[in-house]
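**Q** In case it helps, Swiss-Prot gives these features for our protein:
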| type | residues | note |
| --- | --- | --- |
| ACT_SITE | C381 | active site, nucleophile |
| ACT_SITE | H508 | active site |
| ACT_SITE | E510 | active site |
| BINDING | S13, K188, T189, K190, P191, T192, Q193, K224 | UTP binding site |
| BINDING | S13, D148, I149, E150, K188, T189, K190, P191, T192, Q193, K224 | CTP binding site |
| BINDING | S14, L15, G16, K17, G18, I19, D71, R240, D241, A242 | ATP binding site |
| BINDING | Y54, G354, L382, G383, M384, Q385, E405, R463 | L-glutamine binding site |
| BINDING | D71, E141 | Mg(2+) binding site |
| DOMAIN | 292-530 | domain 'Glutamine amidotransferase type-1' |
| REGION | 1-267 | region 'Amidoligase domain' |
Amino acid sequence: MTKYVFVTGGVVSSLGKGIVAASLGRLLKNRGLKVTIQKFDPYINVDPGTMSPYQHGEVFVTDDGTETDLDLGHYERFIDNNLNKYSNVTTGKIYSEVLRKERKGEYLGATVQVIPHITNMIKEKIMRAATTTDSDIVITEIGGTVGDIESLPFLEALRQMKADVGAENCIYIHTTLVPYLKAAGEMKTKPTQHSVKELRGIGIQPNVLVCRTEKAIPDDMRNKIAQFCDVEPEAVVESRDAESIYDIPLLLKNQGLDDFVLNHFKMTAPEADMTEWIDMLHTIKNLEGTKKIALVGKYIELQDAYISVNEALRHAGYVYNTDVKVTPIQSEDITKENVAETLAGFDGIIVPGGFGDRGLEGMILSIQYARENDVPYLGICLGMQMASIEFARNVAGITDATTGEVHPDAEHKLIDIMSDQKDLENMGGTQRLGLYPCKLKPGTKTAEAYDNQSVIQQRHRHRYEFNNEYRDLLTDKGLVFAGTSPDNRLVEVIEIPENKFFVAAQYHPEFLSRPNKPEGLFKAFIGATM
């Protein structure tokens with residue numbers, strides 16, 4: 001029978017619940033178990049696809065085209081599994097499905113209520129995560145903190161799961177804060193005690209406490225927490241601030257968290273072989289070289305807006321034993337007068353995805369600087385579209401080349417809306433989303449980056465595409481279309497062969513990068529800076 005691990009948080013947000021869930025998933029996977037992870041987000045939006053990056057951070061896209069929370073990126077990078085639509089569920093999605101069923105008459109005239117209809121739908125999503133992946137263990141993280149009004153239906157559903165599947169088949173892990181007060185020179189357990197009290201008031205007794213802390217928790221304090229929170233002392237696990245997020249699996253393993261979970265489930269599994277992970281960490285902590293990358297984007301004020309791009313750049317650096325230092329640069333601030341001064345000294349330039357008209361001219365100036373000065377350049381999604389426009393304006397002589405996203409009535413729209421996107425009423429969930437094949441042109445830098453495969457699979461999130469009316473003209477001027485859809489209708493990758501590295505992709509390669517398996521384009525990009 002499938003086992004269920006529920007991860008909740010208390011005291012404050014951003015304690016690292018997602019990293020704890022992902023780290024435990026990695027430990028259990030390395031013990032030979034099939035693991036999947038999901039997150040429940042208590043906001044009313046159906047998904048984060050229409051939310052501002054300043055509000056939510058990056059929108060992570062899964063193979064099946066689901067727009068999800070950025071924590072799913074952590075999950076995939078840690079457990080190296082591709083997740084699906086059941087791995088991210090919001091309050092909006094739950095209520096939408098319940099209301100759809102009610103409209104179809106599937107509740108047979110019953111009064112639709114939070115209990116049982118909403119909680120049953122939540123439990124159904126937990127079960128579907130198990131059945132669609134045939135997993136031995138499902139790890140479910142609940143967003144927010146205990147005490148939030150929005151989280152109550154999810155916590156009630158978790159409480160009911162104990163009766164539905166049996167106490168021996170589910171375990172509750174609660175992450176809390178054990179703050180260190182410098183003025184007093186001591187750590188405080190009261191926030192943890194009150195958080196557990198709140199959780200128990202809802203009907204959930206945690207089995208494990210993961211305590212976020214700056215310093216090691218002394219044994220006497222560990223015993224105190226165990227006594228007041230009614231857990232075993234070995235179930236009080238500290239999660240200290242670490243040099244790298246990839247330290248956390250080993251920190252948790254050294255405290256026996258995976259053993260405790262399996263013992264609770266009465267499961268036996270081989271000891272986790274963490275050799276590859278340990279070797280990777282050794283590389284991360286002993287990087288010798290340094291490369292400086294300029295990330296020219298629109299949402300740089302929030303680091304989480306480009307978290308997968310930043311991680312993918314670091315992953316690529318590990319291959320070359322190099323610490324990749326990423327400097328975010330606001331594209332709005334770049335002008336003709338300051339572009340050279342702003343970008344001088346960088347080993348590479350990357351322009352990631354985005355939407356809208358703000359900052360586009362600064363991106364185009366940055367791309368022009370990279371092309372003319374032979375600075376390695378990688379464009380992603382919007383970065384590919386702006387690279388096409390820059391080439392058209394400054395090489396092909398189409399000085400008014402633009403994008404239909406900003407100027408829908410312009411004469412020379414190098415980038416235009418996809419034909420199947422023109423008459424859509426809804427914005428949410430209607431873009432070209434998910435995994436699609438890309439046919440590579442032999443002999444290109446792009447094909448070389450992917451070990452000369454003829455076709456690759458990549459994740460997408462876009463509504464606009466390269467306008468094929470200009471393909472022949474730009475080809476004549478030296479632009480190479482290195483990747484297309486298999487039917488040759490959609491341009492996926494462009495490159496300039498004369499440059500050391502000038503490649504731009506419509507897809508999002510960052511979503512498939514792993515710390516121990518860097519994505520091909522990122523690896524080639526960093527390689528070109530060596």
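Even glycines carry a Cβ here, placed using N, Cα and C.
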**Q** Check the Cα-Cα distances from T192 (UTP binding site) to the binding-site residues S14, Y54, M384, Q385, E405 and tell me which is shortest.
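**A** The answer is S14.
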**Q** Going by Cα-Cα distance, which of the binding-site residues (D71, T189, Q193) sits nearest to E405 (L-glutamine binding site)?
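**A** Out of the listed candidates, the nearest Cα belongs to D71.
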**Q** Express the distance between the Cα positions of C381 (active site, nucleophile) and G16 (ATP binding site) as a whole number of Å.
**A** 29
**Q** So what pLDDT does the region 'Amidoligase domain' (1-267) average out to?
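**A** Result for the region 'Amidoligase domain' (1-267): average pLDDT 94.
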**Q** Calculate the distance in Å between the alpha carbons (Cα) of D71 (ATP binding site) and K188 (UTP binding site), and round it to a whole number.
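**A** Their Cα atoms are separated by 29 Å.
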**Q** If you count other C-beta atoms within 10 angstroms, which of the binding-site residues T189, T192 is the most crowded?
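**A** Max Cβ neighbours within 10 Å, all protein chains included: T192.
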**Q** If you count other Cβ atoms within 10 Å of each one's Cβ, which of the binding-site residues K188, K190, R463 has the most?
**A** R463
**Q** For S13 (UTP binding site), write down the residues of its own chain that are at least 6 apart in sequence and whose Cβ falls under 8 Å from its Cβ; none is a fine answer.
**A** G144, T145
**Q** Distance check, please: Cα of D241 (ATP binding site) against Cα of E141 (Mg(2+) binding site), rounded to an integer number of angstrom.
**A** 20
**Q** Of all the binding-site residues given, S14, Q193, Q385, which has the fewest Cβ neighbours within 10 Å once its own Cβ is left out?
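**A** Per-residue Cβ counts within 10 Å for the binding-site residues S14, Q193, Q385 bottom out at S14.
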**Q** I'm trying to understand the geometry here, so how far is the Cα atom of M384 (L-glutamine binding site) from the Cα atom of H508 (active site), in Å to the nearest whole number?
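**A** Distance (Cα to Cα, whole Å): 10 Å.
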